[in-house]
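Chemist: To start, I am sharing the structure in question, which I have written as structure tokens.
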Amino acid sequence: MSPENLSDCNNSVKDFDQHPELTIRQCVHREKPYKQEECDDSACDQHLRVHKGGMPYECKDCGKAFKYRSVLYQHRIIHTAARPYKCKECGKAFKRSRNLAQHQVTHKREKPHKCEECGRAFSALSVLTQHRITHTGEKPFKCKECGRAFKYNSTLTQHEVIHTEAKPYRCQECGKAFKRSHTLSQHQVIHKGEKPHKCDECGRAFSKHSSLTQHQVIHTGEKPYQCRECGKAFRYQSTLTRHHIVHTGAKPYKCPECDKAFNNSSTLSRHQIIHTGEKPYKCQECGRAFYCSSFLIQHMKIHFEEMPYRCRECGKPFRLSSQLIRHQRIHTGEEPYICRECGKTFKYQSNLTRHQILHTGAKPYKCPECGKAFNNSSTLTRHQIIHTGEKPYKCQECSKAFYCSSYLIQHMKIHFEEIPYRCKECGKPFKCSSQLIRHQRIHSGEKPYICKECGKAFNCTSYLTKHQRIHTGEKPYVCQECGKAFNCSSYLSKHQRIHIGDRLYKCKECGKAYYFSSQLNRHQRIHTGEKPYVCQECGKAFNCSSYLTKHQRIHIVEKPYVCKECSKAFSCSSYLTKHQRIHAGDRLYKCTECGKAYCFSSQLNRHQRIHTRERPYRCKECGKAFITSSCLKRHQETHTLQTPNSV
């Protein structure tokens, strides 16, 4: 059909629009007229689609075609500046009534559309539909030029401009050209210095709406991008993509100097500075140089950024109100993030996320050398250095080397960062006031954190949290090897070395080896006879601080640890733990020589000396050696006892 005929057809429809009283309509392309008892637009619309392939109504401005005239009328508003639909709450105007309806939900805070996967709610169905794609990973929109797939049609449309050379949108200020008008608009904000997109939560302003959207996730705590391997969730798609490399084990970025490989380019770049000693990031204000851009950014805040939010407790200033709120939890002890499994509370979302892995038992990070698995990547990285002995992170100031980048960063603060907070009692310096406040409690004896069950006080919230587990019986830290549970993560870490068999710390006197340096230090006092911990009440001395703590309860007759089985009370939690094994009948520690089993490791250690003939406790008077310290003490009394004949 020729364009002229189509034009005639359109004119015939137009004529009928102006004369609705007509009941018979005739198309110039049909031999017979068609009759309609009630003259309405739908018959004309239906008929006209025969000629135009289903899309008879074309926009004169952009050429886009539509099925219905009503949709064309709605579309034409895009080309005009008219925004007839105005919000009564905030005055914001919209081109379409449905956009106004969607916007008004934000004032009512209604979110009727809920995601079945993660439970997140949305104010608009279209936003929920877009969100669902984050769970499925579906990318239905494919570029015909390069085959790249996208989640959203709008993203594909933006991408397709890459394949054309045209950049019709040029900046009048600097001459830079852009492929899209909105990219030019975003760019022009740089010249104006405008930041029109403001966060309602903290007042921070941004030049781009996308930057504001990214920022707002900080306040909501939302993490919509979840890893299918380990369940870990992320705020941004890019962070999830980087995380996936952890599971594949791919390390495509290799250092040409030492052949060390990395799973991302930024880590390689930071590593290479170790070899060059270069500090490319220089402060324009004071000339100070840094080897890492993040250090420079942190430093620049001293010169430029306002810090309007100040803590009333310690005076520490912050750039954002959200940072101040997080900081204030140190003083208030508030822990708003609750674990649904065990009820444990946390100050920060990140701490809760790490904790929840304990309940799932997931250990997705496996060492390729020995097969040991870990529940987070940083622990695996630290573990792998045991095999290599490598200390790749070297301080450029004093040449001290570290096997972990976080230790180097912490160390670098000694050289570069100011430490303005100093203890008046002992002179120890601190980087932030909260650390100084905690430290000063050692001198003052202040213990502001009190247990509601037994009244015991602590100078630190973490100590109170550990203590409270004695009353609740909670043991959230479970050994994956033998199923033994602990109420403290450090106890689990110590226990796990039993399975690994690593006894790195050896006594030079008797050859006995230990898992920890602290254990070796305590043991060596047996040989030296040193007892630095003295009771102020009776003057009795001990070679270990925990023994002194236990002893001091004799004077105050405090027994806060009660057995739930028989109500027997103990002055020390370890005594209660040992006692409870009597009820449980657990004999976990078995002798490999004769098969005899014991409730406690100390009993097994004493027993094994029968087989090894080891006698580590030696009398300084006569040189006689004994299997246990109690035997040595009894023997030493023979030297101190004086008979009447010897006087």
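Start at 1 and count along the chain as shown; that gives each residue its number.
Glycine too: its Cβ is placed from the backbone N, Cα and C atoms.
The following feature annotations were taken from Swiss-Prot:
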type: ZN_FING; residues: 85-107; note: zinc finger
type: ZN_FING; residues: 141-163; note: zinc finger
type: ZN_FING; residues: 169-191; note: zinc finger
type: ZN_FING; residues: 225-247; note: zinc finger
type: ZN_FING; residues: 253-275; note: zinc finger
type: ZN_FING; residues: 393-415; note: zinc finger
type: ZN_FING; residues: 421-443; note: zinc finger
type: ZN_FING; residues: 449-471; note: zinc finger
type: ZN_FING; residues: 505-527; note: zinc finger
type: ZN_FING; residues: 533-555; note: zinc finger
type: ZN_FING; residues: 561-583; note: zinc finger
type: ZN_FING; residues: 589-611; note: zinc finger
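Quick one: where do these features end up spatially?
Modeler: Note on the zinc finger (141-163): DSSP counts are 11 helix, 4 strand, 8 coil.
Residues 118, 134-135, 214, 217-218, 263-264, 353, 360, 362, 364-365, 377 of the same chain, all 6+ positions outside the zinc finger (225-247), place their C-beta atoms under 8 angstroms from a C-beta of that stretch.
Within its own chain, the zinc finger (421-443) has Cβ neighbours under 8 Å at 314-316, 327, 330-331, 413, 459-460, counting only residues six or more beyond its boundaries.
Under 8 Å from some Cβ of the zinc finger (449-471) lie the Cβ atoms of residues 333, 438, 441-442, 487-488, 560-561, 573, 576, all in the same chain and six or more residues away from its ends.
In this model, the zinc finger (505-527) carries an average pLDDT of 81.
DSSP labels the residues of the zinc finger (533-555) in these numbers: 11 helix, 4 strand, 8 coil.
Below 8 angstroms of C-beta separation, residues 470, 473, 549-550, 553-554, 599-600 of the same chain, each at least six residues beyond the ends of the zinc finger (561-583), sit close to that stretch.
Sequence-distant contacts of the zinc finger (589-611) (same chain, at least 6 residues past either end, Cβ-Cβ under 8 Å): 578, 581-582, 627-628.
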Chemist: Looking only at residues six or more beyond either end of the zinc finger (141-163), which have a C-beta under 8 A from one in the stretch?
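Modeler: Same-chain residues near the zinc finger (141-163) but 6 or more away: 130, 133-134, 179-180.
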Chemist: If we skip the immediate neighbours and take only residues 6+ beyond the ends of the zinc finger (505-527), which ones have a Cβ under 8 Å from one of its Cβ atoms?
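Modeler: Same-chain contacts beyond the flanks: 494, 497-498, 543-544, 614, 616-618, 629.
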